[in-house]
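Encoded as structure tokens, the structure appears first; notes follow it.
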Amino acid sequence: MVPSGLKICESLNSPSYSLSVVGHVPFGLICHPDREHFIYPLGCTIIIQGLNNNTQAFLHGHTNNVSCVAVSRSGCYVASGQVTFMGFKADIILWDYKKRELLARLSLHKGKIEKLAFSPNELYLVSLGGQDDGSVVVWSIAKRDAICGSPASARSAGNATVLAFSNCRDEAFISAGNGTIRVWELDLPNRKIWPTECQTGPLKRVITCITMAEDDSYFYVGTSSGDILKLNMKSKLMSDYGPVKEKFSLGVTALLLLKTGDLVVSTGGGIVALCKGSNYKPIKKIQVQGGVTSLTLRGQGHQFFVGTEESQIYRLNYNDFKEELIATCHNEAIHDIIFPSGTSDLFATCSKNDIRVWHTPENKELLRITIPNMTCHAIDFMRDGKSIISAWNDGKIRAFTPETGRLMYVIDHAHSMGVTAIAATSDCKRIISGGGEGQVRVWEIGQNTRKLEEVLKEHISAVSCIKIKKNNRECVTASIDGTCIIWDIVRFMRNQMILANTLFQCVCYHPEEYQIITSGTDRKIGYWEVFDGSAIRNLEGSLTGSINGMDITSDGTYFVTGGDDHLVKVWDYNEGEVTHVGMGHSGSITRLRICPGNKYIVSVSADGAILRWKYPHSS
């Protein structure tokens, strides 16, 4: 059923590429058994990415963030679990890998799915509920139905958080967590699972990961204390543990048991180590950026991949044990995205701690400019391409070279409550900045000088967006105080003020510059006359949530919007109707841009995702 007054519009195809890597999901990065793809979650979406050709496929179906992923031994099935709100059922989705489609939706757990594991012959899927659920359930893959369930740990023990299936038997699996290690046996005729507690003697540990021996004779568990325990599968007793003295810093986060009997150990401190023998002392180790959340083998163990919580993916070869960074992205909310004038091959994004420049055709990061513990709110390329100017929450404006990222100059104390918006004139002689206190400041930029030309004090709250007219004589500023002001930046006077019952988030000049369009938290898209500030029309821009970003094509025929509803919408400017809708983001869209030449749309969001969309209209 279509709501009255809404036109049925085409879907914007799935994003053509995502530049995002999510590292917060434990064991979220998995190398597929075909050795040509790896799989990882991004918000509500599962991404299947080619290792050699950089292609991507997207699996959409979850209604909230994905919390765990598992792949069956043959690679035919992928299973993913999600988080949901307290008291509501959290779904597990079973996917057909080859067809890239949803096979079944399994709902029994509440709140969160903590971990999933497939049996070796792909007969069963076992799932572990989160802290508020506390149960373990065995599912029949053929019947797509639950067989049986049980509380995951004894009342005297803590929560179970990790699972591993036996490598040889479909009827045995292990669960572990805070003070609990259990080996479970499936009794199919009676539809029951029977647990046996494993004894670790006087050691009390929080288990963070499990890996099984190939013949099921023993298994290893990693702990948050930084040591590794080896347990016998038959006797359920601990046979040894280590290292006794120099434990792994910030805990063991993942384990890999290689065919040679060696262990690859990763830690919360970003160490990946190769250990031999029963003393668990590292013989080789490397340091990566961020705590490691995933280790995954490619093939028999000649190569493996490391995923970190700072959204980095590394490739390691067993022989030389050297890391190679193959994918990276922001791991915090992205606040702005900008293309340089006249080219679609590069764009820049900014976030907490850094600004990054990306090469669009190869989907690769070219440059990273890092300012630790600071947040960059807005960026702009100077028209001559010689600098990137940026607005920071410490009240400074910083300019960098786009090729090397070298700091060119800093304007200290540009704004007292952080710089929140920035724009440069097309002649590269002036910068206009907006601050958290509501002031708009005009800066004259010389060869070696930066001079404050004027302070415009009309807004009473943070400036969210600044756009400058092509002739550099006028600009418009949007603020969360509910006003948009059109300024004369030659005489430094207010020309017009637009008032609305909203927190304005974005504003755009129509290319002919006789109209502006605005949007914000009231979900309305407003068209306004530049000449007298009068309202022309109001469109319902979104059904839920604020509109945070908009951009308009160079000919003014279409514009795009994105916001808290996670949707990218393409609008016909004159008709005021949506022509295409894109679903792909899992977090609120913060900004989006149509590239010069109208080849594609790039959108960024609060979960650190960068999505590239094919522009739907022929230019």
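One is the number of the first residue shown, and numbering goes on along the chain from there.
Including glycine, each Cβ sits where the backbone N, Cα and C put it.
Heads up, TrEMBL stuff is auto-annotated, nobody curated it.
Summarising the annotation, TrEMBL assigns domain 'EML-like first beta-propeller' to 55-314.
DSSP labels the residues of the repeat 'WD' (412-453) in these numbers: 0 helix, 22 strand, 20 coil. According to TrEMBL, the feature repeat 'WD' maps to 412-453 (among others).
What TrEMBL lists as repeat 'WD' is 456-489 (among others). Counting only same-chain residues 6+ beyond the ends of the repeat 'WD' (456-489), those with a CB under 8 A from a CB of the stretch are 417, 420-427, 430, 432-442, 495-509, 513, 516, 518, 520, 528, 530, 533.
The repeat 'WD' feature in TrEMBL is assigned to 540-581 (among others). Across all of the repeat 'WD' (540-581), the predicted model scores a mean pLDDT of 94.
The annotation repeat 'WD' is assigned in TrEMBL to 582-619 (among others).
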**Study point:** Long-range environment of the repeat 'WD' (582-619) - Cβ separation under 8 angstroms, sequence gap at least 6
**Key:** 10-20, 22, 42-45, 58, 60, 65, 311, 329-339, 341-344, 347, 349, 351, 358, 360, 363, 506, 545-546, 548-554, 557-558, 560-564, 566-570
Practice item. Tally the residues of the repeat 'WD' (540-581) by DSSP class, grouping H, G and I as helix, E and B as strand, and everything else as coil. Key: 0 helix, 24 strand, 18 coil
Review point. Using DSSP, how many residues of the repeat 'WD' (456-489) fall into helix, strand and coil, respectively?
Key: 0 helix, 19 strand, 15 coil
**Study point:** Secondary structure composition of the repeat 'WD' (582-619) [DSSP: H/G/I, E/B, coil]
**Key:** 0 helix, 19 strand, 19 coil
